[in-house]
Amino acid sequence: MTLARFVLALVLGALPEVVSFDSVLNDSLHHRHRHRHSPPPGLQYPYYLPTQQRPPRTRPPPPLPRFPRPPRALPAQRPHALQAGHTPRPHPWGCPAGEPWVSVTDFGAPCLQWAEVPPFLERSPPASWAQLRGQRHNFCRSPDGAGRPWCFYGDARGKVDWGYCDCRHGSVRLRGGKNEFEGTVEVYASGVWGTVCSSHWDDSDASVICHQLQLGGKGIAKQTPFSGLGLIPIYWSNVRCQGDEENILLCEKDIWQGGVCPQKMAAAVTCSFSHGPTFPIIRLVGGSSVHEGRVELYHAGQWGTVCDDQWDDADAEVICRQLSLSGIAKAWHQAYFGEGSGPVMLDEVRCTGNELSIEQCPKSSWGEHNCGHKEDAGVSCTPLTDGVIRLAGGKGSHEGRLEVYYRGQWGTVCDDGWTELNTYVVCRQLGFKFGKQASANHFEESTGPIWLDDVSCSGKETRFLQCSRRQWGRHDCSHREDVSIACYPGGEGHRLSLGFPVRLMDGENKKEGRVEVFINGQWGTICDDGWTDKDAAVICRQLGYKGPARARTMAYFGEGKGPIHVDNVRCTGNERSLADCIKQDIGRHNCRHSEDAGVICDYFGKKASGNSNKESLSSVCGLRLLHRRQKRIIGGKNSLRGGWPWQVSLRLKSSHGDGRLLCGATLLSSCWVLTAAHCFKRYGNSTRNYAVRVGDYHTLVPEEFEEEVGVQQIVIHREYRPDSSDYDIALVRLQGPEEQCARFSSHVLPACLPLWRERPQKTASNCYITGWGDTGRAYSRTLQQAAIPLLPKRFCEERYKGXFTGRMLCAGNLHEHKRVDSCQGDSGGPLMCERPGESWVVYGVTSWGYGCGVKDSPGVYTKVSAFVPWIKSVTKL
């Protein structure tokens, strides 16, 4: 046993359920013997004219592949190799160039992807195929660069085996012609060259053969009598190519089943080009497909290259046209597809893009140049498939309106949320290093569809369509918002001034939130010292938003985590990115996360006018115009801004005008507010001591819908006693003319009253408490909400004995791990429940309880339905 087989036995023999040394050796020999007499998958055993048994192959089976040395490092790739959609060059130790994508063994078994090989490969020593392990392809390879290419495959018993590959499988050649551009088509399969019956053979089939052989852009179908071919198998008949396939194997066809080929003719071709024999023969060499490669011309009996001096996309357009390759034409420079050999045929090619052949373009004389093969020109003719991108309407393919191909039509991309990271991904896919977004309407508007909107790239994507985006065709844009881009090949003057990546967190939508920046590998926040709308405008501009921007301070969108990266930002409002505004050292600050800065982009806040009659007021009660999610009283969550439009706060006036929160309350109409009587126990019922704030969300940040209204009258229920919790209800009349005290808007609306003696446990569902009360750590700056269940009164009667009366509601969670309750700051605030029909009713006023969120101590709420006649008599509602 050779050393290589011994090593293979050690590695594989330990896993008998997967594969063993004996199975590899014996099964391999068995399969090779068996497949010489049975058809490989997908290809029937060929018949002959005249019919005759195929002679067996007599060469001995090859030895097992030795465990090769670790592969040498691949050559460094130029930055262009990052271009998405551009397949990497074939592994240098696979099948030779020209047939680099063979993925079938020499007896016809399809190869497994290298990523699909069983787990024992992961445990092997620094195995020779370390660079192949996990690769998402199944191309035959020879990792040590010395032996024949091979691959793993699944045998008939479901086990993994390996086999050598025949790199010529699927190859074609032309035989018997007057030159290399014509002849009978022969196909190589299962170790034997065979031919194709000429039935239904046409120019589309012939063109695929010419493409595969890189012998010009057009094939002309011919026929050859079988009588002159001798003994040769027939593989296929009725070949049905579309004409743009890369390989004849990709065309539809019928497996030859014997019988008589019509007219006894074999398929043949003459490779030419679309526009007459005066044009030179062109081929593309060294690419990953027939659609790209180094440009080579056939002139004076030999192949040669083209120098890339003045080589551009217009030249590439002509090459692709001459080769009958549709799609997007792009020029490549500096021997991108490898250096050629032989003479440099042409230099200084200057096509306009409209020529039919490179021969018609201005250029140097044949053979005149000052170039070496390091300057060999190349082209790619990218087929038009869904997701292909281009820049249109500019002076060249490096600039213009960004367009995406989808369902046979080019369309544009809306600039909503467009960032420089998006630009970077687009330019990189197009083969450029840098780029920038062009100004709006810089290029002519498109008249086609708008395919994409709200695109967001991280900058790591290799293809534009890997970025997050809306569904195809979903947008809210016009062509005035089409993205336009200018890309550049390099140079410091064109670098993207990306600054730090920026994101918005914990907002109600993607256009608002706490500002976080990515610095030194970690996301962190910005302190709000000096934070203004000008700073917000720069953040929004960097994120691609063009509308008005508003700054938010005091952790308006909640406190962040991690470091505070930046403080004392000083933007003028004209900068392109946040990085241009930072003057202080990163990480230097004197802040806490309670001062985290935020922004609202595309802000169009506008107050609604006040309502003036009772009928309109009653018609809008209990409506939540803004509610989509649910955060924290104790166990609660931040509410949505405007989500509880009847929530108001009773505030204690001060000489400094910054009255502190005293109690919560509920807006019943433009001029009347419902709260708890005990809120006035300490400071009395003098109206001069109080003010009511409506439309509030963050207690320390003034907002557009927020309004503070004076108090005209305080009405405490006549049965309330300060030493008792019964009859704990009060009404507050706001200052202002009749029903024009607080101005209604989407953020300021009244709640509905319940029916008299209505029992909410039977008629209501989906109950919430709201307020700015104790959150378990401190009083909240933002309005909180918490879902809460209504409980049978016996739970409170058992817990509070005679202190609980029939004019009270019992609500809350009894379990310690579900700590939801109202606390001191929420006194007087509403307990709201939803009636069928989506109207919200104030069933309770937060009154009292034992502690906050204490186990087995539910909250007690004044039952509003018991006081409806009193409320209506006072308010005249």
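From the backbone N, Cα and C atoms, a Cβ is placed for every residue, glycine too.
Matching 213-224, 621-632, 849-860 against Swiss-Prot, the residues noted as region 'Zymogen activation region' span 621-632. The disulfide entry in Swiss-Prot for Cys663 points, among Cys671, Cys679, to Cys679.
Each of Cys457, Cys467, Cys591, Cys601 is a candidate, yet Swiss-Prot gives the disulfide link of Cys527 to Cys591. According to its DSSP assignment, Cys320 (disulfide bond) is helical. Under DSSP, Asn685 (N-linked glycosylation site) is assigned to coil, being neither helix nor strand in the three-state scheme. For the domain 'SRCR 2' (282-383), DSSP puts the residue distribution at 16 helix, 33 strand, 53 coil. In sequence order, Ile564, Val566, Asp567, Asn568, His589, Asn590, Cys591, Glu595, Asp596, Ala597 are the residues of the chain that are 6 or more apart from Cys527 (disulfide bond) and have a CB within less than 8 Å of its CB.
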